[in-house]
Amino acid sequence: MVQRSKSSANWLREHFNDPFVKQAQKDGYRSRASYKLLEIQEKDRLIRPGMSVIDLGAAPGGWSQVTSRLIGGQGRLIASDILEMDSIPDVTFIQGDFTQDEVLQQILDAVGDSHVDLVISDMAPNMSGTPEVDMPRAMFLCELALDLATRVLKPGGDFLIKIFQGEGFDMYLKDVRTKFDKVQMRKPSSSRDRSREQYLLGKGFKGA
């Protein structure tokens with residue numbers, strides 16, 4: 001029998017005792033992350049019926065489930081992740097590594113000649129536990145997501161992204177502020193207290 005590490009056992013215990021995990025199972029959401037987006041939605045009303053949205057780092061689909069329900073049948077949702085994701089009705093899913101040009105091009109092709117109202121990203125790299133390694137990886141994903149957002153957002157569009165406090169954060173925040181009318185930070189109650197993750201919200205894209 002494989003022996004689990006102490007940290008792995010602690011994670012499993014925390015996971016199964018987590019009220020948001022239990023609530024997600026009850027409500028039919030694929031992950032506890034759904035409640036992070038729902039809480040931000042409650043405060044900021046980002047997602048509205050009929051919107052066009054891109055969801056990065058979508059698997060297993062918690063944010064896509066919430067977004068699809070809120071935009072309704074007249075909306076359009078393009079989701080992408082390096083991992084597989086079970087299909088969701090009316091959601092276009094692109095599987096692949098977002099850091100690769102061909103995957104970016106697939107997303108751009110799916111958007112087509114139109115633009116989108118909102119880009120959301122819950123992407124995070126596989127964490128090693130070493131900040132000197134993890135932060136550059138995380139910030140690289142954030143930079144790529146912002147680059148995509150500036151290509152596909154309509155003027156006035158919004159951008160929501162998971163970000164971690166650490167090296168590169170201040171410069172990134174400064175960059176986002178040059179591109180959006182209003183920038184705010186959000187820390188949903190469903191985000192674990194010990195997690196360094198926050199969500200950066202850029203509202204009112206100024207245009208490319």
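All positions are counted from 1 along the displayed chain.
Placement of Cβ uses the backbone N, Cα and C atoms for every residue, glycine included.
Mapped onto three states, the DSSP output places K162 (active site, proton acceptor) in strand. Taking Cβ-Cβ distances under 8 Å and a sequence separation of 6 or more, the neighbours of K162 (active site, proton acceptor) in its chain are G57, S121, D122, M123, A124, E197, Q198, Y199. Residues annotated as active site, proton acceptor in Swiss-Prot: K162.
Swiss-Prot lists G61, W63, D81, D97, D122 with the feature S-adenosyl-L-methionine binding site.
Cβ neighbour count for D81 (S-adenosyl-L-methionine binding site): 23 (other Cβ atoms within 10 Å of its Cβ, all protein chains included). As a whole number, the greatest separation of Cα atoms within the S-adenosyl-L-methionine-binding residue list G61, W63, D81, D97, D122 is 18 Å. The C-beta environment of D97 (S-adenosyl-L-methionine binding site), restricted to residues of the same chain at least 6 apart in sequence and closer than 8 Å, consists of I82, V103.
Highest Cβ count within 10 Å among the binding-site residues G61, W63, D122: W63.
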